[in-house]
Amino acid sequence: MYIADLHIHSKYSRATSRECVPEHLDLWARRKGIDILGTGDFTHPAWRQELKEKLLPAEDGLYILKDEYRIRDAVTADEKQPRFILSGEISSIYKQDGKTRKVHNLILLPSLEDGEQLSRRLAAIGNIHSDGRPILGLSSRDLLEITLDVCPQAIFIPAHIWTPHFSLFGAFSGFDTIGECFGDLTPYIHALETGLSSDPPMNWQLSALDGYNLVSNSDAHSPSKLGREANLLDIPLSYEGMKEALEKGSGLCGTIEFFPEEGKYHMDGHRKCELSLSPAETDQYGGRCPVCGKKITIGVLHRVQQLADREEGCYKPEGGYFESLVPLPEVIAASTDKSAASVKVQRQYEAMLKELGTEFTILREMPLEEIGRMAGPCIEEGIRRLRQGKVERIPGYDGEYGKIKIIGKEEIEELCGQMSLFAGCPLPAGEKPKKKLKPAAAPQKEPAKEEPSHKGANCEQLAAIETKQSVTAVIAGPGTGKTYTLIERIAFLIEKLDQKPSDITAVTFTNKAAAEMRLRLVEKLGSNRGRSVRVGTFHGICREMLIQAGLAAALADETIQLELAGQAKVACGVSVSPVKLLRQVSAYKMGMLPEDKKILQACEDYTNRLQDTGLLDFDDLLLEVLKRWEQSPRHPAFSAGRHILVDELQDINEIQYQLIRAWSAQADTLFVIGDPDQSIYGFRGSDPGVFGRIEKEYSQIDRIRLTQNYRSTPQIIDCALSVIDHNDGQPRTLLASGAVGQQVRLVTAESRMAEAVFIAKEINRMTGGMDMMDAQNFASAREHHRSFSDMAVLYRTHFQAKLLEQCLKKESIPCIITGKEPFQEDPAVQAAIWFFLYLLEPKAYEEQMKRVCKGIFETDLQETCQYLKDLLLPQLKGTKPETLLRTWAEKTGLSSHEPLERLSGMAVFYDDMRTFLDQLLLGEEQDLERSASGKRYDSGAVRLMTLHAAKGLEFPVIFLCGVNEDFIPMAKGDIQEERRLFYVGMTRAKEELILSVSGQPSPFLAEIPENHRTVKEAFKKKSAPNMEQLKLFDF
């Protein structure tokens, strides 16, 4: 059996030891017990020359070190003679499918002459002289083709395939499949190098890797790091034997592995902030560091989970043998409470090598009694635990190596104490016995200084946070810290006024805002107190109250409501559309009776039809709680507690206002916050004058205004104010606290297609793409590239999104579409939704499910429903919604139905079906998201959303497209509300705002002074660009 480490580096590679030369590599291979060692860096001319001078041919394709260069010392056995095999790693950086790819590949060759020929070919493509691991602007597929063309016997292995930044499956610049990378030459890939941060079981989670041989190597940059990972081979000692093992598996007996947690990219995290995160935590934080807000480095574990189609921990009998080890110096250190680099550990290490043999022999084969006799009980116990895998693993992240703990300090003392009863515990070399010291007197603690409770709050925010009035109304302009103020107000009630968290209710406008507030409360107050505060939307809280009271709360979704409205429209002979009729119904339920008798009759008809279904619409949900509260105001289920906080007051309707009045009647305090200039839901009954109304109805009220904007640059604020000041009211005050930034850009395009193409190309350029059209000449020299998640594209209506999505896909830009889309009304989509609602609540939804599914199932309805129920009900808990939907589609013959595929693209963001369906039923525009590719983009995606859906969000870069007449403002819209909507869109931008026009410009653009913006055309004709290789520092 031979041990082979095939991927290493010479002194000619960057960040490597000067001792990475043949004589020292030979020495350390003997110390480690390595039989076959890659040379590394065969492409470097000086290294090839050194290899020629110092190596002799041995067996076929193998070399040995010349005797005159061999280092002999008292520690290392001299009889072992390691073989060298020509190897090298090449870094390919190139654009493919609209994305910059960075992939490393390992190449093994049968001779120095083959290395010379291949290097000559590669030298014609790029610079191979400056680095032992050359960087070439050559695709992995083309590199493989050239390699096989020069040397058909070459062995080509994708290197450390999971490393985030430079690998086949890398999270930042890799691929999702081997076929995507190597195309038609994929059959010539036979082996994959797993890398330090993954082990075979992690790779077994991908069925796509089943046909490949998994190999492991050290990728050592210094001789002492050789053998961190290696391969176990039972082969003829020849290059041909090696090729058979790596390509066909003949004689590949297994691998020696790092514990994957010890690898420096195992977990997600951000090293500068000393933050290590699990994949779930990264998802929770949206891929951004919660400390500094920068992008989190996605680790190997996360990336494996993204691509896996098998469960974690799956066992693959044919997967091959492997064992996980820790280098011997680290075992000694971890077993004796010393540093691995300390002199004492090095002395012990050398003494063990001298007396017991090679490092691999000691770690893998040496009887434990012999180890204990020579090195003591602690090291014996450490190696025992290592062989059994009984170690504590502290995972590495973002370039920080993990740590393996084997024996605790107290256990070390205990082991030594046990031995001292007999023959004494041998101390590591050179260590003196410790003197016993008297315990020092405990230091006197100084009284802790009370920290200010609201660090960073300005005087306006502080006044709102610590208000003593029973009713407080806060007008908070965009970016003034509205959510921060709400969180600090809740914390003040709990921490300073000793109020119970369960006595506090915070009402948000969207489920997403509620989720963010819950997270921030937990971070601020801790899990118990943070989770005890009731947080939710009006509809979510009211539904919860009805359920707590034991009352039915089954909801009709928007599609059912539109269907019933359509029936009422026909029955009563009215000419309005179902959408407009539903708005009339909502006003009718708020007590505003329509003047048209036919409309009134249609509203009553709709209400009766809805009652017949046994379902509630969104207004009914609130009205039912209001009615129950009026009947039993002391009923605990309908109480909102002693302290009520309401976000986005300007967007509430009349029913919601009455709920606030009812809840606050029994409360001690009412705290409302919002901005009349961001009131954009007049079509649903909201009124920007609600602040004036609340001030009239509550005599004792504290009025506070937040004016310090912490979000946007002065240029963006100036443009936004110049627009909103054209609305009624006093001139607005909004003070930008950020640094001066770029001017707002206005881009004109000849057509909607040209506008969409420009946006896609500009996003590609901002993220470091190499194929951008420089004709735009927009900020051609950027200080830093954007991530996809830094950017959002806003538009007025959903029909604008289709073209944008197509153009982004063409540029391979990942995107998420936010909002309610027409496909959700598709009959098959509705059937799927109502079927799973039925599985969750059979009594509430059975009749509606049967009605909706009747036109979908071709076979007997009862039989099909029972079959699907028997199949899917056992899977409902513990199976992701995406998987359930795909199974449902497959069993109903609708696997290729595009609307269902889009529904699955929404489901990928949820872990359980109930949460997903609740979001579909109760979610606002902002709450509903769909992945354009059907995959969850943990490493970031561009957001596409309507202006309404963007409310409350912020992004470094905003593209506000379609700023045309009849879009912004809409032809029949309320001009002041349309202007408020445009203002909301502009103020989502933190650093860059790009307005684009593809027709007659919006009149709102004329309200922006010319000196506040720049104007450019989307495209200009230019000469054809010269083609050239991607260079190292071009991105």
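Positions of Cβ are set from backbone N, Cα and C atoms, glycine also.
Lifted from TrEMBL, the feature list:
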- Ala476, Gly477, Pro478, Gly479, Thr480, Gly481, Lys482, Thr483: ATP binding site (BINDING)
- 455-713: domain 'UvrD-like helicase ATP-binding' (DOMAIN)
- 714-952: domain 'UvrD-like helicase C-terminal' (DOMAIN)
- 433-456: region 'Disordered' (REGION)
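According to DSSP, Gly481 (ATP binding site) sits in a coil region rather than a helix or strand. Of all Cβ atoms in the protein chains displayed, 22 besides its own lie within 10 Å of the Cβ of Gly481 (ATP binding site). One residue stands out among the binding-site residues Thr480, Thr483 for having the most other Cβ atoms within 10 Å of its Cβ: Thr480.
With a 10 A radius on its CB, Lys482 (ATP binding site) counts 23 other CB atoms from all the protein chains. Apart from the site residues Ala476, Gly477, Pro478, Gly479, Thr480, Gly481, Lys482, Thr483, the chain places the Cβ of Thr485, Asp675, Leu706, Asn709, Tyr710, Arg711 no farther than 8 Å from the centroid of the site's Cβ atoms, the recorded ATP location.
Every protein chain shown contributes to the tally, and the Cβ of Gly477 (ATP binding site) ends up with 26 other Cβ atoms within 10 Å. The Cβ of Gly479 (ATP binding site) lies under 8 Å from the Cβ of Asn709, Tyr710, Arg711, Ser712, Glu954, Thr987, each of which sits 6+ residues away along the same chain. Ala476 (ATP binding site) has a Cβ environment of 26 other Cβ atoms inside 10 Å. Per-residue confidence over the domain 'UvrD-like helicase ATP-binding' (455-713) averages 91 (mean pLDDT, predicted model). Cβ neighbour count for Pro478 (ATP binding site): 24 (other Cβ atoms within 10 Å of its Cβ, all protein chains included). Secondary structure at Ala476 (ATP binding site), as computed by DSSP, is strand.
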